[in-house]
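J.: Next up is a structure, given as C-alpha cells.
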Amino acid sequence: NNLMKGLPLLSLLTWMCAVYFVGIYLFVSGFLLVRLEVNRTSTCGDVLEPGEEPVDFCRVQPRFRRVVLLIIDALKIDFARFDPSNTTPRQFENKLPVLEETVSSWPSHSRLYPFRADPPTTTMQRIKGFTTGSLPTFVDVGNNFASSAILEDNLIHQFGQVGKRVVFMGDDTWESLFPKKFYRSLPFPSFNVKDLHTVDNGILQHLYTTMVGNDWDVLVAHFLGVDHCGHRFGPDHPAMADKLTQMDGVIRSVIDRLQNDTLLVVMGDHGMTDTGDHGGESQKETDAAIFLYSPVPLFLGSMSQSEPDVVPQTDLVPTLALLLGVPIPYSSVGQILLPLFPPHGQTEGAVGGLSQLEALWINAKQVNRFLETYSSMAKDIPPDSLSQLKDEFSRLSSEYLTTVREGQLPSPELAASLQAYLTSVRDTCRATWARFNPFKMGAGLAILAFACLMCFILSELSTVLIGQNGPGMKALVVMGLTVVVTVAAGQLLIQGYVEVAWCLAAAAFSSELHFLWRAHRSRMSAVAKNGSKAPKWVSWLTPRRLLIPPLLVPLLRCASLLSDSYVIAEGRVVTFLVFSLALYIPIHLNWNGLLLPPSHDPLKSAGLLPSSALSPSTVRKESSTLLACLGLLISSLYLSLSFHSCREEQGSCQPSPFISPLSRLQDSQLKNLHYILSVVSLAIWTYLLRRCLRHYGNLNSSSGTVFTARWILPLLSVCLGLHWAVSATPEDSFRNLTELISLAQLALPRAAFCLLGLGLFLIWLDPLTVFVKTKTGASARSSLPPRYRASTGISPQAELHHLIPQIYQRMCRSLDDGELSVGSEVDGRPAVEAYGLGTVYSAPLLLFCGLLGIGLLLLHPEGMALSFLLLLLEMGFCTLLIYSHLVLPSGGFNVPWTPIVLWSLAATQFFHATGHLPTFPSIQWGAAFVGFPDGHIGTILPGSLVTLNTFAAQIMFAVGCPLLLFWPLVCEVRGSRGGKAFREEGEDAVMEMRLRENPQQFSSALLQLSTRYLFIHGAQVFASVCAAAILRRHLMVWKVFAPKLMFEASGFLVSSMSVLIGVTLVLRVDQAVGCWFKRLIPDISR
C-alpha cells in the first residue's frame, strides 16, 4: 500500500497527547483546590449577645433602616482622591470632587477609605467577597464568565430573611449570583467592554425614581462605565474624564435625595492597572475606594489616630449587617469597621445600635462559630493554630462576660484583643486556603514524567514502531479501558462513588507502563537479531547523545521556569535562547568543515578520501545564503522585542505602543502612521505567500487550494484592512455615518471569518496544487527525459515507483522558469507535463498557515500586523537556516533536534512578541468582540476567540511543524545545481516526491518530528508543574508560578491539537496525491 500509514500515526499521537492531558488535569485538580464551602446560615435566634435566654437579634432597633449601595466598577482609590494643588491633573485625576468636599465639610457624617480587595480582582470574585465576607481561592477566576449562584450565606440572603426589600439595577452578574433573591431587579448585559453607556444609562433611568419611592430597603446599583472605559481606552483618556464626571453628578444627586434613616455606601469592587486591566494582585488592581455618608452624624468627629489606613473588602459584610440589624453571614471572616460604632457607654446619641465592644463581641463569636464548624468539616487548618485560636477566644470570652455581668467598665485592651483575634483568624484562613492535594499532585507529576520519557522514546523508535504497525494501539486502548472499569468498580464498592480523576490516572499509568514494556521488548528483539551489538537507535539514552547543544538549550529553558525572575523576564530569555541556537548552526557547520569551501587535500585527489559532493562555488553560495538568513533572523528577533508587553513587576518597563488598538490613540498623525504600517505589513504577508507558491509552480491548477490563494487570500486581506479603518474611527467623528460604521464593524469581521472558513475548507477538500497538461510530441520531444515505457508485466505500484524519478529529471532542470514538467512520450503521442508536483505537500500547508495567520491577526490589535509579518519572516529564515544544517541521509528523512528546538522556542518567543504575557490581566478580552460588538449569548464562542488570540503563535508554529520535514527536500534542487550533473536514474532531485518512494519512512519521519515537538513543549509543562509543586509556599506562587503553569498547560493543549491538525492535513494531501497518480498512470501507460 503506497498510501501512508495514517491511522497508526494519528492514533499514536492522539494517545500521546491524551496521556499528557490526564497528567496536567490531575496535577491542576490537586494544585488549584477550591476551599470547602460551609452551607449553614445565620439566623435571628442565634445566641450571639451575652445573656441567659435567647434574644431575637433582628427585633432590636438597628442604627439604619435603609442602605443605598452604589458600586462603581473599577473605582480605584486614585480616582476618588482630590488634590487641589494639582493644577494639571491627568484625565482620571480630580474628577470626583464631591467625595473630598463632603468629607471636609461634614467630617462627622462621612469618610473616604482605600478599600482593599483580595486577589483575584475579577468582578465575580469581588461580589462574592463583599457579600459573603469569605476569602476567594485562585481557581475561582475561571468562573468569572460563567458565574454560578452563590450558595454560601450572604448579605442578600440575610436581608431577604428579615423581610428587607432588595432592589437591584446594573451589572447582570448579580442576577446569576443571586437568582430570584431580589424584590425587584433591572439587570443589563455586562460582558461587552466596548459599551460604555448602556448599563449606566439604564440605571440612571430608574435610580432616582426608585429612591423617592417607598418600596425598597436596600438599593444596589452597579455601574460599569468606568471599568469598560478602562478596558477600552485605559484610565488616562478623555472618555474616562467624562465617565468620572458623570459619576460625580450621580453621587451628588443621590446625596440630595437621602433620608435620615438611610446610609450611603459608594465603593469600587477593584482597581485597574495603567493599561486599564485587572485580575491580578498588584496594588493598583487591589486598591479601590469606599465612601460612607449619612445625613445624620455617623462618626464621632474628624479622622482620628485609631482610624484604619485601609479597609479590607470582607469587613464591609459584618459592618453592614450590624448597622442594619441583620445577622452576620455564617462564613464571614471580616471584622467590623470600628469608627462606625460609638465607644462603650456613648450609645445614647445614636438611635438604636450597638457600642464598639458589643459589635466586636458579636463579630468574634460569629467568627469563632464558623471556625469550629469549618474545622470539624475540613481538616486543613493546622491543629496548633486552631487550638491557639480557640484558647484565645475562650480567654476573651470569659473576660468579656465577667465585665458585662459585674457591670464593670471594660479595659481598653479588651477591644484591641478582640480585634487582634479577628485579624489572626482571617490570616490563618488565608494561609490555609492555599491548600493542596499532595496525592493528586504527585500522581500528575509522575504521569507527566513518564509521558515525557515515552515521547522521547517514541521519537527515537519511530521507524521500528511504525514498521511493527504501531506499538499495539489496540492493546493500549483495551488495557486503558479495562483498568478504568476495574478502578471505577473498586471505587463504587469501597466508597460508593466514582472519582473520575483517579480512573483516568490509572488508565494513563497502565498504558504508559504497557508502552515502555513494548519498547523494551522491541529493543531486546533487535539486540537478538544483531547479535550482542545494539542497533544505532538503542544508544540514544547515553549522556553523550542527550547533552548535545540543541537539547541543552531546552534544558536551560526548563530550569529557568523554576526562577520567578526568569519567568518575569521570559520574553527576553527565550529571545536570547533562539538567538543562541541560531548562532550555533553556522558554528557547528564550521566545526565540521562544511561552512567554507574545502581546501585542496592530496588524500582526496589521490582518491583515498571521498571528495566533496559540492563544488567550492556552490559551498560559497550556500554559506553566504546561510549567513544572510542568520543576519535577517537576528534582525527580526531584535525587532520583535519592540512588541512586548510589560508585567507589573517590571517597574521601569514601557509597554509597546503597538499593543493598544488604534481607537485608543489620540494623536491622529500617529494613528495614520500605525495604520499605514499595519496595512503594508498585511500586503507584504499576502504577497510573500503568493510569490512563494508561484515560484514553485503551485498557482497553475484549478483546484480549491489555488482558488484560495488567488482570490480568497487577497480578499481576506482587504476585509481586514477595511475592518481596521472602521474600528479606528472615533465614535463622534462621522455622526451622519454612525449607522453605516456600526454595520461595517459587524459585517467586515464576519465576512472575514466566512472567507477564512471557506478558504480552510477548500484547502482541506481539494489540497492538490498540481497542474497537468498534455503537449504534442513535436513540441515536447526536445526536452524530454529518457523514454520510459512500462512493460505490461509490471504492477501499477511498481510502475509508479520507477516512474517518479523519470518524472522529475525534466522538472528539476526547468525550475527557474516555473515549469515543472514530466513526460513519457512514445511514438509522437502526447507527453504529460505536471506543474507544482515538487512542492505538492508543503504548498497547501504553507497556504493553510498563511490564511490561519491572517485570521488570528484579525483577533489582535491592528499594530500587531508588523509583528505577525516578522513571525512569517522568522518562520522562513528558520527553515532556510535549518536546510543548511541538514545533510539528507540516504536511509530516511529524520529531522534533527536543532530545527525542532528552534521552532518550538520561536513559538514561545512570538507568544511574547504578539503582546501576550503569562498573566491574567494581560489577556486581550477585546478579541471576544471582533465581529460581535453587541456581546454574546453563551461563553463558548467568546472563550474560543480569546483562546485563539492568546495562543496564536503556538497555533501557527504547531500547524506549520511538518514544513521542517518538507523544506530540506524542496531545497535539494538548489543544493544540486552547480554541482555534478544528475545521475542517470534522476534520483537526486525528486523533491517532495521522495516521500512517496518510501511511505513507511515518511510516516516514521512525521511521527518523529511530531513527537519531538511535543516532547519539547511537554518538558516545559513538566518544568512549570515542578516549579508550582516545589514552590507552592513561595511568596510569588499565585502571582508568577500558578499563572505560568495555567498558560503553559493551556498552550500545550492548543499546540498538541494544532500539531494533530497539521499532521492530518499532510495525510489528506498524501491521500489526494495517491488518487492523482492512480488517475495519471493509466493515461501514461495506456
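Here the Cβ of each residue, glycine as well, is placed from N, Cα and C on the backbone.
A TrEMBL annotation is a machine prediction, not a hand-curated record.
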J.: Labelled transmembrane segment by TrEMBL, one stretch among 63-81, 310-328, 1051-1069. Can you tell me which?
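T.: So the range that TrEMBL calls transmembrane segment is 1051-1069.
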J.: Residues sitting near the transmembrane segment (709-726): Cβ under 8 Å, six or more positions beyond its termini, same chain?
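T.: Same-chain contacts beyond the ends: 662, 675, 678-679, 682-683, 685-686, 689-690, 693, 698-699, 741, 744-745, 748-749, 751-752, 755-756, 758-759, 762, 847, 850-851, 854-855, 857-858, 862.
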J.: Please determine whether the transmembrane segment (445-467) and the transmembrane segment (473-493) are in contact (criterion: at least three Cβ-Cβ distances under 8 Å, sequence separation 6 or more).
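T.: These two segments do not touch.
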J.: Of the listed stretches 12-34, 624-641, 747-765, 951-970, 1051-1069, which one has the most C-beta pairs under 8 A with the transmembrane segment (840-859)?
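T.: When the Cβ pairs under 8 Å are tallied, 951-970 comes out ahead.
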J.: Considering only Cβ pairs within less than 8 angstroms, which of the stretches 12-34, 473-493, 624-641, 951-970 has the most against the transmembrane segment (1013-1031)?
T.: 12-34
J.: Take the transmembrane segment (1051-1069) and find every residue of the same chain, 6 or more past its ends, with a Cβ under 8 Å from one of its Cβ atoms.
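T.: Answer is 4, 6, 9-10, 13-14, 17, 20-21, 24, 763-764, 767-768, 840-841, 844-845, 848, 907, 911, 947, 951, 954-955, 957-962, 1006, 1010, 1013-1014, 1017-1018, 1020-1021.
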J.: Any chance you could find the range in 473-493, 568-587, 747-765, 951-970 with the most Cβ pairs under 8 Å to the transmembrane segment (12-34)?
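T.: Stretch with maximum Cβ contacts: 473-493.
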